[in-house]
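Noted in Swiss-Prot for the protein shown:
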{"type": "DOMAIN", "residues": "3-194", "note": "domain 'DPCK'"}
{"type": "BINDING", "residues": "Gly11, Met12, Gly13, Lys14, Ser15, Thr16", "note": "ATP binding site"}
Amino acid sequence: MIIVGLTGSIGMGKSTAAGMFRELGVPVNDADEVVHMLYSGEAVAPVEAAFPGVAKGGVIDRAELSLRLVAAPERLAELERIVHPLVRAKEQEFVARHRADGAPFVLLDIPLLFETKAEARLDRIVVVTCDPEMQRERVMKRPGMTAEKFAMILKRQVPDSEKRARADYIVDTSDSFDVTRQQIRAIVDDLRAG
């Protein structure tokens, strides 16, 4: 089974691209969705222990946690030491399940693919990109996004140019959904061809 990683800097259209892969029948494991699930399950106790007061009603209040991290960005590594191993375990379960089902390939949607050295466990890498102005416009429309928060996120991410240089496939979402869908269909066809 081919294990494909999907990544892209914030606002590049990675979630949209992942949805298009799903539409074509590709099993997709979304690391962000896994984190959301963990924030109402296994991660609650250890995150609350490290960041007292961020759990409300048995769920991690992501807005509160985000505020704490903007105020103390050096604590992000501490959060990642808690959450990343849990996300990785769920990813391994996903891969094992689809391998047992005989899937020819799966897609792992990993926002911090290069930053977490995930490429070592992947066979192919798809990078989603777009024009930098479009990226900024998309990101600044998000609820609760500030220029400070956007800058903090970008600072933590491998630059888009480096991601593209390390990719096996590039999906440029600067154009229409139809053009993006055509690029993704070509990748899926190539992967199915072996």
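Cβ atoms here come from the backbone N, Cα and C positions, even for glycine.
Since the structure is predicted, the reported quantities are computational estimates derived from the model, not experimental observations.
Distribution of Swiss-Prot features across the structure.
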| residue | record | Cβ within 10 Å |
| --- | --- | --- |
| Gly11 | ATP binding site | 23 |
| Met12 | ATP binding site | 27 |
| Gly13 | ATP binding site | 22 |
| Lys14 | ATP binding site | 25 |
| Ser15 | ATP binding site | 16 |
| Thr16 | ATP binding site | 16 |
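Here the domain 'DPCK' (3-194) returns a mean pLDDT of 95 for the predicted model.
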